[in-house]
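Encoded as structure tokens, the structure appears first; notes follow it.
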Amino acid sequence: MATSTQRPGVCMNELHRSRKTVDLRSQGGAEGIAKQLGSDANRGLPWKQVPKNRKEYGDNADPAAASCYFRAVMFSKLRNLHIAMMIVGCLAAICDTLTGEPARAISVVQGLVGWVLITILGPSVMIASELITTLSMFRKFQQQNPVTLRKHVTVLRDGQEVAIKRSHLVVGDVLFLNESDTIPADGVILVANGLVVDETLLSAERKQVAKDATTDPWVRCGTRVVKGIAQVLVLAVGENTEWGGACMSWRDAKKVSSVATNIENLYVKLFVFGLGLAVVLIIQWLVRLRDAAKYSSSAAELLLYVATIEVAAVPQGLPLFRSSQLDYVQSKMGKVAVRQPFACENLGAVSAICVDVEGPITNGSLVVQKVLRSDGSSLPLDKGMAQLHPKLGCTLGKCSIVAEAHPDVTLSASMGMRRSMGIVVENDDQLRGACTLHQTTDSSRTVVVANVNEADGSRRLYAAMSVRDALSRCAHVLLPDGKIARLGKRGRKKLENVLKDTTNKGMRAVGLCYRDLAASDTVLNDAAAAANAMVLVAVLVVESVIRDNAAGAVAACRRANIDVYMMTAYPDRDTAVFVAREVGLLQEQDGDPGRHVVMDAATFFAMEQSQQIDTLSSLKVLTGCKGKHKAWLIELLQKQGHVVAVVGESRKSLKALMKADVGVTTCTADTAVVKVAADVILQDNNYLEDVVEAIMWGRYFQQTLIEFVKCHYQCNIDAMIFAFVCAIWGGVEPTALLVAPLLAMLVPCVLKFQGKEPEPSRELREQRPRSVMEPLIPRGTRRTLAVRHLFLVIAAVYGYPLWKDIPWGSFFVPSLSPLT
């Protein structure tokens, strides 16, 4: 029975993740799936089945909502060891009150009130300040989230249409979709009428996709209905959807700040030091038990002494200072949204930046600089179709539409070229719909082909590919007069010169080709194989526009001792060298870059790891980068002790953004999934310039935080020693010792807020990034502090007769007679 109840859940998960129509048919189609889920395609889900499906498949809570995030942060704060110690101290104070003598009742109750206030106030301030700051940062970050789900949806239950809250949606529900709806769950279409869905948010490769119940029945959470209506069977909700999985994968990444980890380790050592003092105090109490008349302290009172010492070790002023500094830094960062405090701390420690060329370095807009005929002459971009042979103009227009799907050509560049030349193509949507992408043998280049039926009944294959591929695939050329000639050695030499000239200037050359197919052609159904023995029509020379501020940002990184690594998906080494020189990543005095400065990603990661580490010091540019290569580079840099930031906006950078210590993207990123994976979102298009400025403010935050911790650390030790000496000698009510942790909380705040610099100094901007292995307090400083505190202990113990009568506890309770 257990197997039968688990099988449908496993089946649903595999089915909606694979989204294979064959698997759907094997399950009896959407109607068969509905029966397995206890639902009905015509009457919907019975009300009595709703609790069962919710229990088995989960609810539809939005994993990106602030409420889910609030619970996760709250749970992590409640596990804090210091807060737990405060609660133990409060319980000890209550026990001391209940077991104390009646004569001491009034004074102890007064002290208990003070103790309870501190033990409640301390954790409350620590938790509240952290939560308020963290959630305000999260809400600002979420404003850049384009996925906005409606609060109510319409479903079919027991044959009736009902409106329910989106969170009440369960697997097996029949959901109604209308125009402009954002789909709240993953599902399969039962019935559709002219349904078109915009999938750009989750899939950058496709935009508006036509959906129906037979050819493409799958819909995904977070996508938007452009037009049409449909009824959808829900297969996955909440965290089990593709959108929910992306949100949870970021949350499960568990990125941490090296500074926060060092601070936590520092206070763990301080906590252990407090335990050592507590052990000494307990041993003294056990020895004095022999003379009960002389020493009348109870076990509850001893516990209260111990708790006071440990509470003095709690950095109660740290959360408040950290929150105020985060608010200040966030206000100075301007149009930079940071998801969590750890990202702000990691920004200050960044020592390496990995940058995509497309977006951060270039502005993403491609321009067709010129169109070359197969004989090497340039076509006039501004003189129109009148200068072209009709056959050449018509074929050129259709090939340019196919080229829009090529990575080196964009829709705007292709349309701009056709507009300037006056080329009009009929049925262009049919051409775009027929385009398919294929990878070359080494998987480094893309070939786009479209197999279409012409108006005269013939079939033709249009293609767009790099000139390098055109040299190997094209056997003929289309001459300016419309005739076809063989591509000889002379013509190939011209194409090679075009390729060399364009790549040396940072441009890309895309060959436009076609091939006539017969009905009996054996390669008719194999478009990749058919893209051989083609006719070359023309060569598009496309240029990427480099951002004006890219060179200045790279120079700022150099001054700040930050290593910059440029990653590009394009395999052309010469193009990468040109762009790297233009932005200053490769200096002119460097001469011709060696093989270890600019490398192909596949070649670099084929090396032994020891060779990769040796090469990393001179590496600047990786060409032919895939998503896995970017993630491998991040991992390699992190193993060398670098804190790595990744700047990218394409879906290919998704793994790298998740792997990096700080993932940075923009509000114009390809997909919502990329934004979910990032830790920082840039709200304008200054890219590297904004990243560098954010890193400087991160350094400012890190520096002020470390200085504050050093000051707080000393005050904590002073307070612990004060409480320990008072407990050893007696004469001070345990509840009166609350002045120690109070001073440990307030004194550093007062000292640190005075003389605070308003912005990062020039020295801070140009200093070496702080290493993750560098201790917060240097060894020499620790020795000095140890001598200072040893002297303080000796002075406190032997000077007790001079200051024992000072009413330290007058803030809370009147002093009692000495217990010793």
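Cβ atoms are placed via backbone N, Cα and C, with glycine included.
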Suppose you had to name the range TrEMBL annotates as transmembrane segment; which of 81-100, 521-540, 721-740 would you pick?
81-100
Could you tell me which of the ranges 112-132, 784-804 is annotated in TrEMBL as transmembrane segment?
112-132
Across the domain 'P-type ATPase A' (150-244), what does the pLDDT come to on average, as a whole number?
84
In the domain 'P-type ATPase A' (150-244), how many residues does DSSP assign to helix, to strand and to coil?
9 helix, 49 strand, 37 coil
